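What follows is a set of notes on a single structure, which appears directly below.
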Amino acid sequence: MKAYQREFIEFALEKEVLKFGEFTLKSGRKSPYFFNAGLFNTGRDLARLGRFYAAALADSGIEYDVLFGPAYKGIPIATTTAVALADHHDTDKPYCFNRKEAKDHGEGGNLVGSALEGRIMLVDDVITAGTAIRESMEIIQANGADLAGVLVAIDRQEKGKGELSAIQEVERDFNCSIISIVSLTDLISFLEEKGDNAEQLEAVKAYRAEFGI
């Protein structure tokens with residue numbers, strides 16, 4: 001686990017974005033942890049969040065031309081990632097996001113920001129069922145662009161309806177790389193390093209044993 005990944009987990013815990021306990025997911029599964037990126041909700045939080053996304057992007061080595069943030073949660077993520085890339089990595093990338101409903105006045109259309117062309121890096125908070133990615137792919141393909149990769153905050157590394165995770169299904173269906181700032185494996189490593197809550201650690205490990213990929 002790299003330093004920025006450890007710092008990200010600490011940041012998420014500090015802001016109560018990452019919580020341990022017992023949570024019922026949309027899938028009906030009982031999870032020992034929950035991640036709610038919507039709680040990164042101040043200017044300072046957003047600035048820090050962008051730096052972690054930018055660090056993961058720089059670390060990945062994936063070539064891309066435009067950052068795309070799907071509405072709604074992806075919009076501030078794309079914006080803050082673009083700012084962090086410019087400020088901390090000397091990388092000035094255009095960014096774009098979509099409207100849920102197309103405008104019929106002014107500039108019109110359903111895209112805001114840069115043109116959606118070339119190789120697209122999609123940024124979002126998490127991938128659960130992959131539905132948002134599939135909707136975004138329709139927009140990307142309609143503009144004649146290609147999906148270079150997807151960057152999310154956390155990869156839960158758990159099975160979907162079949163044996164693959166939602167992330168693995170998206171990788172298979174769209175032939176792209178999906179990267180995350182941290183994964184369930186990193187989370188377990190972090191808990192092992194801390195060593196101050198054996199109960200949390202065992203609950204997360206048991207969850208991985210049952211639902212992990």
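Glycine is no exception: its Cβ is also placed from the backbone N, Cα and C atoms.
Note on LYS100 (5-phospho-alpha-D-ribose 1-diphosphate binding site): other Cβ atoms within 10 Å of its Cβ, all shown chains, come to 9. Residues annotated as 5-phospho-alpha-D-ribose 1-diphosphate binding site in Swiss-Prot, with sequence analysis given as evidence: LYS26, 72-73, 99-100, LYS103, HIS105, 124-132.
According to Swiss-Prot, the orotate binding site annotation covers PHE34, PHE35, THR128, ARG156. In sequence order, PHE35, VAL126, SER165, SER183, LEU184 are the residues near ARG156 (orotate binding site), counting only same-chain partners six or more apart with C-beta under 8 A.
Distance noted between the C-alpha atoms of PHE34 (orotate binding site) and LYS26 (5-phospho-alpha-D-ribose 1-diphosphate binding site) is 12 Å.
The distance from the Cα of THR128 (orotate binding site) to the Cα of LYS26 (5-phospho-alpha-D-ribose 1-diphosphate binding site) comes to 9 Å.
Other than the site residues PHE34, PHE35, THR128, ARG156, same-chain residues with C-beta atoms no more than 8 angstroms from the centre of those residues' C-beta atoms, the orotate site, are LEU25, SER31, TYR33, VAL126, ILE154.
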